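One structure below.
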Amino acid sequence: MGLFGKTQEKPPKELVNEWSLKIRKEMRVVDRQIRDIQREEEKVKRSVKDAAKKGQKDVCVVLAKEMIRSRKAVSKLYASKAHMNSVLMGMKNQLAVLRVAGSLQKSTEVMKAMQSLVKIPEIRATMRELSKEMMKAGIIEEMLEDTFESMDDQEEMEEAAEMEIDRILFEITAGALGKAPSKVTDALPEPEPSGAMAASDEEEEEEEALEAMQSRLATLRS
């Protein structure tokens, strides 16, 4: 605390170093998120192969859509890392300018990167806080409120393109999925009454496993 109870402003160099540390910390968070999604995707691939062997093309299609969503999420996370690297480079430039001019300077590159980063759900809280600190320090201009509020992914896939689904399934099953029926029941013989209950129980367990996998992926992407 300074005189009259006012908080003393931190030196510009200290601010820049703090921002850089926070950015690097968030990059580690993003790296961890990417690894988690990719690990879950490997489980989905195994499930697709199992479902394809059983002739459950409808299950395969659902899982393929989850994989498409996950890959899009990973792609966006990699893009966010690129933006964070841009901010880190901007911080290095600020330190260089500080040594020469004695003060921080406005940066359009940092501004553009931060505008993208505040929209990423996984890191939005920290990026929003950093943006406000950078605005106060004069590095970036005040962001419009709708920049902060437009957090929802407008490009969320409602229905994956059939071509993309086919490509994913072909990739995982090495082209064998074309032999699978369009519905699970197409591949099933007429069951004996005693076996019907067992088949029903197995399908119910598989459905629960599918829902659990979808839930885990959705949680990782949120």
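Any Cβ shown, glycine's included, is placed from N, Cα and C.
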Listed range which Swiss-Prot flags as motif 'MIT-interacting motif', given the options 3-13, 201-211: 201-211
The region 'Important for autoinhibitory function' (59-64), counted residue by residue under DSSP: helix, strand, coil: 6 helix, 0 strand, 0 coil
Mean predicted confidence [pLDDT] for the coiled coil (149-222): 59
